[in-house]
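According to Swiss-Prot:
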- 15-35: transmembrane segment (TRANSMEM)
- 64-84: transmembrane segment (TRANSMEM)
- 127-147: transmembrane segment (TRANSMEM)
- 150-170: transmembrane segment (TRANSMEM)
Amino acid sequence: MSAVDVESRVRHQNFWFVACFAVLVIQIAVEYMMGRVPICACGYVKLWEGGVNTSGNSQHLSDWYTPSHIIHGFLFYGLAHLILRRKPLAAKLLLALVIESGWELLENSPLIIDRYRTATIALDYYGDSILNSAMDTVFMCVGFFFARRAPVALTVAIATFFEIFTGYIIRDNLTLNVVMLIWPVEAIKVWQGGV
């Protein structure tokens with residue numbers, strides 16, 4: 001490979017990574033314009049928020065829903081690998097970031113916030129802080145890069161563990177969240193309310 005080819009390849013890869021960073025910046029800017037709070041209204045930032053039905057949930061760096069975003073990364077890597085097989089890794093990451101950022105914007109819209117509050121146990125959910133939402137996207141990237149390196153069986157095992165563990169501890173996880181958002185089941189809502 002000639003020096004010109006290497007330089008062209010590096011420039012091409014850099015373009016994709018700049019585009020990835022731009023998606024995250026746009027997500028943050030749009031959430032700010034939507035009126036989302038930058039950090040928790042409590043005025044401080046915690047590494048971990050362990051409460052589920054608390055005012056700090058979805059406001060700090062990580063919480064019980066962080067494993068769901070890591071699983072998003074696993075899933076989005078798989079999708080990108082299938083449909084962008086010949087594209088560079090950064091192009092695959094860009095697809096994952098566009099999907100995750102799109103979800104974060106939708107999740108923090110009045111439509112979805114109201115849906116969560118009426119169909120799930122998240123009665124006091126008012127949306128994520130910008131910091132939490134951005135970290136959700138970063139954790140998706142962690143899952144994406146993990147899935148790229150790890151054997152598929154290990155990735156599936158970790159996703160299964162995350163789902164079972166969070167389901168057991170907080171009676172919620174990615175699967176239950178999707179079910180309750182799309183097709184609420186009263187029995188699940190009652191069970192989740194027992195936390």
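Using the three backbone atoms N, Cα and C, a Cβ is placed for every residue, glycine included.
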Other parts of the chain folded back onto the transmembrane segment (127-147), taken as Cβ under 8 Å at six or more residues beyond its ends: 24, 27-28, 31-32, 36-40, 45, 58-63, 65-66, 69-74, 76-78, 80, 92-93, 96-97, 100-101, 104, 107-108, 113, 155, 158
Surrounding residues of the transmembrane segment (15-35) on its own chain - C-beta under 8 Å, 6+ positions past either end: 88, 90-91, 93-94, 97-98, 101, 104-105, 108-109, 130, 133-134, 137-138
